[in-house]
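As annotated by Swiss-Prot, active site, proton donor applies to ASP118, with the evidence given as sequence analysis. What Swiss-Prot lists as phosphoenolpyruvate binding site is LYS22, ASN23. For ARG94, ARG123, PRO124, VAL125, ASP126, GLN127, ASP306, LEU328, the entry in Swiss-Prot reads UDP-N-acetyl-alpha-D-glucosamine binding site, with the evidence type sequence analysis.
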Amino acid sequence: MTTLRIRGGRPLQGTIRVGGRKNATLPLIAATLLADGTSRLENVPQIHDVMVYRKLLTGLGARVDWDPVHGILTVHTGGVRPGEPDYHLASSIRASYYLLGVMLARYGEASVPMPGGDNIGHRPVDQHFKGLSALGAEIWMDRGIIRARARRLRGAHVYLDIISVGATIQVMLAASLAEGTTVIQNCAREPHVVAVANFINACGGKVTGAGTDTIRVRGVDRLVGATQTVIPDDIEAGTWMMAAAMTQGDVTLQNVIPTHITPIMAKLREAGVEVHELGDAVRVVGRERPKAINVKTLPYPGFPTDAQSQMTALLSLAEGTSYITETLYEDRFRFVPELVRMGAQIRVEGRTAIVKGVEQLYGAPVEATDIRAGAALVIAGLAAEGETTIYGMEHVQRGYEKLEQKLLALGADVQMERQGAAVV
């Protein structure tokens, strides 16, 4: 158990660097197994899920070198063989399911435990199975293990019934070594989908259309290791932006791609927050209480569900009543009772949170139930009067690198307390 103690009421001030995007890094690490030789990933965030993936690849026979100072992960695939990854590790993170398509495409067989990750609602993997089956894979469940095999995958037309980042990437990875051409329709368009496609192409693959709703993958016989820099984390950037606004601070974020955070910037400006784009940096100034606004989560390029919890926290201090509608995951409001403990006035009706802004939040003991809920509680604690103790910070550390270090750099009064296993 990891606990964060926050003595709130201090405006955040200063400059920090945003790390690499978690949701790009994990599929990129999996994708290195598609290629012969050595691949090098740069700007890799030092977070728990990356360390889990490193151990998963090592267990499959890869040699993985990690340079935490420079954020460089190097994967040598010469020793990789088909096998079943460690159950405890693989079932602890959702992104372990990318190993299914990768190992199936490269070795003709794969075994992966049912994925874990945050408990934010129903996130079925049926679209992954549908896509891989269309490519010719035989897939079955065996006592909590997903097993798949195919002599060689063959290109096919795959229509995804729902827009799914995971399924889009899964099919794209598997199709890269399939025989023939695969057309994937109703694709997710997130920048990390594009990042994975770019890596496949750098390795010698033939992927076009990433970033649109239709992706074409012409399979090749062999991929060779390549180097890629992980794109900045849009959700980390958005979290710090909302923290600056909520504490009425002045924070500059380096290593950002403003076009990737357009909906977050737009909503902050609508709420009266100053947002200045400075090339590959963004400055956020919160001079007064935010104004109430309405927010609806949507697939990219809409407002991201992963930033909804933090926006809800921010709007709990807004002037007026805000309506926040969550269209993607039904359990994204599980953190609301924790905010209410701090004095927020929020009522949830179905998939909409009705947030009546208050002038002040107050420190309280609260619990983080997932990555983004925990981030919301952190920024609420920073703005609250008195001391907030957040339990379950190990969830948050799955997605935010060097959190305590960055908070201290911005002038926050915080202390991380660790019990049991060390936190990476």
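In case you wondered, yes, glycine gets a Cβ from its N, Cα and C as well.
Where Swiss-Prot records a feature, it is marked here on the structure.
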| residue | record | Cβ neighbours (10 Å) |
| --- | --- | --- |
| LYS22 | phosphoenolpyruvate binding site | 25 |
| ASN23 | phosphoenolpyruvate binding site | 23 |
| ARG94 | UDP-N-acetyl-alpha-D-glucosamine binding site | 17 |
| VAL125 | UDP-N-acetyl-alpha-D-glucosamine binding site | 18 |
| ASP126 | UDP-N-acetyl-alpha-D-glucosamine binding site | 11 |
| GLN127 | UDP-N-acetyl-alpha-D-glucosamine binding site | 21 |
| ASP306 | UDP-N-acetyl-alpha-D-glucosamine binding site | 25 |
| LEU328 | UDP-N-acetyl-alpha-D-glucosamine binding site | 19 |
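A straight line from the CA of ASN23 (phosphoenolpyruvate binding site) to the CA of ARG94 (UDP-N-acetyl-alpha-D-glucosamine binding site) spans 11 Å. Residue pair ARG94 (UDP-N-acetyl-alpha-D-glucosamine binding site) / LYS22 (phosphoenolpyruvate binding site) shows a Cα separation of 12 Å. The distance from the Cα of LEU328 (UDP-N-acetyl-alpha-D-glucosamine binding site) to the Cα of LYS22 (phosphoenolpyruvate binding site) comes to 19 Å.
A Cα-Cα distance of 20 Å separates VAL125 (UDP-N-acetyl-alpha-D-glucosamine binding site) from LYS22 (phosphoenolpyruvate binding site). You'll find the Cα of ASP126 (UDP-N-acetyl-alpha-D-glucosamine binding site) roughly 23 Å from the Cα of LYS22 (phosphoenolpyruvate binding site).
A gap of 12 Å separates the Cα atoms of ASP306 (UDP-N-acetyl-alpha-D-glucosamine binding site) and LYS22 (phosphoenolpyruvate binding site).
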